[in-house]
C-alpha cells in the first residue's frame, strides 16, 4: 500500500478552501444575464465556449490533491443540483462558497464546527419552508416561456419554443432535443404513438410522394413471435378482407412465405397490408406491445395468454384512425382504446417510474407514458457552427429541465430575490446556543450571495442594490439586464422553486461536511528516481570513427 500524506486542522481546511475558491470563482463568472463566458480546452477539436455552470465545474481538476478534494466536493453540489432540478448549478456553487468561507472563519475563531453545522441546517430547513410559501404554481404558457428563457440565459426564442412544445404534448409529454440542420430552431410534434421501426418491404408503400405506407382506419394485429407460415395468417386476412379495411401487422418479424403473400396481396389490391417489426427487445418489447394493445383496444396474440395466430379472430385486433409507416418509423394516430384503460396503464407505468433506480429505465418509462398520453415533441436546435450548436443544445436542455421543475413545484421571483425574502422571514430564528446562532447567521449571510454575484457581474455595486431589494417586499427586485428595479414576475424573471430549493439544500449539505472536516488523507507524491547514467563499453577510448 502506497504511503499517504495526511493534513490536520487549519492546514487541511485552508487547502480545501483554496480549491473551493478556484472552482467557485470560475463558475460564478457565468451567473446572471450579464455573466461571462468560460472557454474550455478540449483534447481534440475546437475549444468549447459555455455559460453553463456545471459544464465549467466538470472540467476542473487541480494539481494539489488537497485543494482538488475541496474543488471536487463543490463540483458535487453543482452536479447534484443539475441532476435534481436541471438548473441552478451556478447558484448552488455560489451558495456553497459563501457558506464554506464564512464557516471556516468561524471554525478558525474557535467555534464548535458541529454547532455551526446544526445552525446552518436549522436556517436552511426554515428557509425551504419559506420558499414553499412564496412559491406560485406555474401553469400558463407565458410563465413556462419566461422560466425557459431565464434558464437558457435570457434567450426568449428557446423559452417560447419550449412553451409551444408543452402546449402540444402536455406537461407529461416527452420533449427531446436534437441537433438541427439549419440556422433556425424548429419544433416537430409527433402526435400519437411513434416507434422506431419501419416497413419490412418497400412494396407496402402506397403514397409515392411521402414514401410512406398510409393506412386509414386500419385493423392492427399485435403478435410477439415471428410469422413465417402464411396459413397462420389466413383466417385474419380473410376477416379483414371481408370488412374491407387495411391491416397493420406488428410482430417480432414477418419473413419468407408470409411476407411474400402479404406483398402480393398489397400489389394486387386484394387487402391493403403493411408489416413492421415490434419495437424494443425482451421484456421491454412485451411491455410496448401491451401498451399498443391498450391504446388501440386490441389484444397481444401471445401463447403466454393462451392465444394462437390461427385461432385469432378479427375481434382480437386493435383499431386506429390512421397509421403512417415510413422507412424508419411507424406512427399510430388516435387509437380506439378505452380512455379509462389508457389512464390506468399510465398510472401503472408512473408507479414503476417512482420505483426504478436506473436513469435509463426511467427515461424509457417516461417515453412510454408520453406515447400513451398523446405525443412526442422534438426541438431541433439550429446554429451556424458546431461550437455554437453544442453550446445552444446544452442551454436548451437546461431550459427544458428548469421548465419541468417549474411545472412540478411552482415558481418564485428570480434574480436571487426569493432567497432574500426567505432570509427576511427567518431573521429572528434562534439556535440552542451561541455557536448555533452564529451558524444561522452564516446561512442568512450566504443567502445574499447569489444576488450579490448577479449584481457584481452586471458591473453595479452589490451592497447598494441588496439594501434596496431588502427594503422592498414580495417580488420587488433588481433586473440586472437593464439595471431597473421593479416586480420580478412582471419582468418575467422567474426561477423554479425546485431549483432554488435544491441549490440551497445541496450547498448546505456539502458546506456542513467541509466545516466539520478535521483531517485529510491523500496519496503521498512519488519521488522520481534519477535515471541511471548511460554508459558505453569500457576500453573503447581513442577509437577513431
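In case you wondered, yes, glycine gets a Cβ from its N, Cα and C as well.
Look at Swiss-Prot and you will find 30-33, 51, 87-91, 415, 479-481, 495 tagged as ATP binding site. In this structure, residue 480 (ATP binding site) belongs to neither helix nor strand by DSSP; it is coil. A simple way to gauge crowding: the CB of residue 480 (ATP binding site) has 25 other CB atoms within 10 angstroms, across all the protein chains here.
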What does DSSP call residue 90 (ATP binding site) in the simple three-state scheme?
helix
Please name the residue among the binding-site residues 32, 88 whose C-beta has the most neighbouring C-beta atoms within 10 angstroms.
88
